[in-house]
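Taken from Swiss-Prot as is:
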- 10, 13, 32, 35: Zn(2+) binding site (BINDING)
- 118, 119, 120, 121, 122, 123, 124, 125: ATP binding site (BINDING)
- 1-51: domain 'ClpX-type ZB' (DOMAIN)
């Protein structure tokens, strides 16, 4: 080492050129490779700290149960009790995730939710609206298409596959997502006793879903399809995913009614006297207990993984009319906007709205059937609309719905 080399040293740590791997010259001094690495690690730590602080700021934006409920009110008519249950359950779930709560004494469980209500009462819409408000990935599956692994049909883990696809395989995002499983009542076991034959689409699916809903590290094929040994898997922690299951549970009301009805019998031939006032479906569903769900065909372990039960009520005529007109994305508003693109005003009379609601009730399709009714009423008009010059207004009245007459056109 020359005397000149001895004079060269790091301006930060003082080490000479021979003591380090590299010495880089600046305008008025030198810096060694070790100090560069130290500065780099300090910058990384600072960057990570800024990211953590930014994450904390975002965590503070978690909407309160009141705010969640208010957002649901903008898009879903009625179902006040179900909205309250959902708002509290969702808030508690994401509060648990965002605070990373840890305690040796208390373990916070997952607030998975079971929605019970008739077809077209808003179960799917509630789940979708929640995910949109919280800005988290959302995936939906139909329980009737699911089977146990190894059988023909969709594996239960395909539900996780859909969630990953919806957030471009970002596992961190997916683990904060919401999965809605519809028609969950259709996977009830076929009988209360143990089955000799394998029930691959009933109790078998319930067993397969148990681990996912409770929380497990699932291995998901990155491009879908069946697993094979050579394929690299994506690991997903399902303990952070909120599962919402929904179903109509036709017949559950009879099970609840049988348990809750008061009856008196005196003598050998006495008749059972029921309450004079017949309870509504929603009133019965509000009284549901785990034993009722077990008798319906859900296994105890599965019921235990869905601690929050939110019953939905049947929609009456007034509720259906409100669904047509009140929400931010109400059907009538959507079609009025569509006609507006053609510079044409679309108007529905109050009698027409009432007739459409009545028709949906007769079909027993709830809110779900309203779109098909409106679509059928306006089909011919929408077909001709671009060709009708100088058309100013289209009026749909009661005769259009009841007598299948064409809407009135004003030029």
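Glycine is no exception: its Cβ is also placed from the backbone N, Cα and C atoms.
The DSSP secondary structure for residue 35 (Zn(2+) binding site) is helix. Separation of the C-alpha atoms of residue 32 (Zn(2+) binding site) and residue 122 (ATP binding site): 66 Å, rounded to the nearest whole number. By a simple count of nearby Cβ atoms, those within 10 Å, the most crowded of the binding-site residues 118, 120, 122 is 122. Here the candidates are the binding-site residues 10, 13, 35. The one whose C-alpha lies nearest to that of residue 124 (ATP binding site) is 35. When each of the binding-site residues 10, 32, 35 is scored by how many other Cβ atoms sit within 10 Å of its Cβ, 35 comes out lowest. Cα separation, residue 121 (ATP binding site) to residue 13 (Zn(2+) binding site), rounded: 71 Å.
The least crowded of the binding-site residues 119, 121, judged by other CB atoms within 10 A of its own CB, is 119.
Residues of the domain 'ClpX-type ZB' (1-51) grouped by DSSP class, helix first, strand second and coil last, total 27 helix, 8 strand, 16 coil. Under the three-state DSSP scheme, residue 122 (ATP binding site) falls in the coil class.
Comparing CA positions across the binding-site residues 10, 13, 35, the one lying closest to residue 119 (ATP binding site) turns out to be 35.
When averaged over the domain 'ClpX-type ZB' (1-51), pLDDT in the model lands at 79. When the alpha carbons of residue 35 (Zn(2+) binding site) and residue 125 (ATP binding site) are compared, the span between them is 57 angstrom.
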